[in-house]
Amino acid sequence: MASETQDLYPIAVLIDELKHDDVALRLAAIRRISTIALALGADRTRDELIPFLDESIDDEDEVLLALAEELGSFVEFVGGPPFAHLLLTPLETLAAVEETVVREKAVESTAKIGQILSSAQIEEFYIPMVNRLSKGDWFTSRTSACGLYAPIYHLASARTQEDLRALYSTLCKDETPMVRRAGATNLAKLVKKLSKQHVVTEMFPLFSALAQDEQDSVRLLTVEGLISIAEVLSPEETKAMLLNILRSMCVDKSWRVRYMIAEKFVAVSKSVGADIIKEDLIHAFVQVLKDNEAEVRTAASTQAPGFSAMIDKETVLREILPCIRDLVVDSSQHVRAALATEISGFAPILGKENTIEHLLPLFLQLLKDEASEVRLNIISKLDKVNDVIGIELLSQSLLPAIVELAEDKQWRVRLAIIENIPLLASQLGVKFFDEKLGALCMSWLGDCVFSIREAATTNLRKLTEVFGYDWAKQTIIPKVLAMGQHSNYLYRMTTIFAITTLAHVVNGEVLKDLIVPTVTSLATDPIPNIRFNVAKSMEELVPLLKKTGLSGLLGDPIKPSLLKLSEDKDTDVRFFANRALAALAA
């Protein structure tokens, strides 16, 4: 009797928690159903837990969402693939609920389970479920059904496949726009599973009707379908069947449709072939680059280098580049920001001379843009231009702008410059770097923003890795150590951060002669925050000194400094000093 009570306990607790008034408790219970199932065993999970969960689908959306997600990974708990079809029952109910995210997760989980079912299970359980959902009274179930065809189509028998295509056709013609939207969304996935004959005779008419649907929310979802169908057809068939629809999309009265075609322009171009690109798409792309909606121009900007790589250089210079010049001064910040991210991609396409003549002026213009996001985006992609024109020309043209940005009032812009300095340094060489950028790197150590000072110390470490510790010893470490004597405590703090970071990339001589003496001298600083960071620094230095064979320094001067700090009046200082002493004793 006691054993029976014990067996019932997990599901009793789950029932109590799933009926609790507190949503958080119900959600936690759902998240634990795999543990409950493990305790119950596969038989009782199938016989008791799954039916109970199916009856419990009347809850808050977040609980149902969690349940839909959990069920997708529940196959092993019901006894493996032979019993996986039992999970379709609660998922079918979830796929018909009102909340979209719950339905989408239920469809995702159902599709995942469908792919591990046997042919017999698909015919006996999965297909009837798809039929019920496809013919449901509420649009919610019909919407969900659209996502359940492609995952198992290839696993069904030829006769069933025929029925599935016919049923999918009715969904794409449904009177409810939401169902037609789902049909358009999933059409591309289904096309990939079909033979060319079925694509041409059955899917193309559906696609054509959806692409001309009265609702723009349906039309905009057909771009993926166009790409999938074009990939199946020959260039001649594509021209005959798809070209007029493609032209219509590029000039659709709804900006949302034009946005979708602009966003996928490279993928569309690859799928339709060189002839259509040359004869039709160059003009179409110029149109979307000049579109009167900023969102469309933004999407087109992201596609410009990718599309330009498919056409000849002269056409890029004649047709595309004039549009790019206009976009550099576009009234929308979002357009300029998108272009700034991608414009460097033109350099490999145009070659050295054209990049110098046509692109560099645009780069300089974007580097002086009033919007910090635009400046950030252009800085982060300088390496592509450098690969084409070389660092000498790049530095002559862009260095003044980079120096100006290094002092930008927006700290994120300064941060972006710092993060790109090691890359520039490795390409500039040590002599040029010392002359032009060395002072700049040191100035960041005194920045008023902590994130900049922190990034500046990391920058010094990366520069040491590029130029070597002999360069660091002669060039930057003396300047860092001099800051340790500064009257402003922030400079002294930065010294600790910088030398602790540099300690990882210098040799034992630099550690012994320069870094350890500086750290120990700051252990007596009057500012508690300095002493606190000294203790943290020493904890980090201990393993480095052991590793480099400088354990003698641990006895003197490290240990006496730590002992003194361990008696400090500040609690945090004592805590980290004792941690460092423990590391020293280990």
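The backbone N, Cα and C atoms fix where each Cβ goes, glycine too.
Taken from TrEMBL as is:
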- 10-48: repeat 'HEAT' (REPEAT)
- 49-86: repeat 'HEAT' (REPEAT)
- 164-202: repeat 'HEAT' (REPEAT)
- 203-241: repeat 'HEAT' (REPEAT)
- 242-280: repeat 'HEAT' (REPEAT)
- 281-319: repeat 'HEAT' (REPEAT)
- 320-358: repeat 'HEAT' (REPEAT)
- 359-397: repeat 'HEAT' (REPEAT)
- 398-436: repeat 'HEAT' (REPEAT)
- 515-553: repeat 'HEAT' (REPEAT)
- 558-586: repeat 'HEAT' (REPEAT)
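Taking H, G and I as helix, E and B as strand and the rest as coil, DSSP gives the repeat 'HEAT' (203-241) the counts 33 helix, 0 strand, 6 coil. Each residue in the repeat 'HEAT' (398-436) gets a DSSP state, and the totals come to 33 helix, 0 strand, 6 coil. Mean pLDDT across the repeat 'HEAT' (320-358) comes to 91 in this model. Packing against the repeat 'HEAT' (203-241) from elsewhere in the chain are residues 168-169, 172-173, 177, 180-181, 183-185, 187-192, 194, 196, 248-249, 252-254, 256-257, 259-261, 264, 267-268, 271-276: each is 6 or more residues past its ends and has a CB under 8 Å from a CB in it. In terms of DSSP helix, strand and coil, the repeat 'HEAT' (359-397) has 32 helix, 0 strand, 7 coil. Sorting each residue of the repeat 'HEAT' (49-86) by its DSSP state yields 28 helix, 0 strand, 10 coil. Cβ atoms under 8 Å from those of the repeat 'HEAT' (281-319) belong to residues 246-247, 250-251, 255, 258-259, 261-263, 265-266, 268-270, 272, 274, 326-327, 330-332, 334-335, 338-339, 341-343, 345-346, 349-351, 354, 358 of the same chain, restricted to positions at least 6 beyond its ends.
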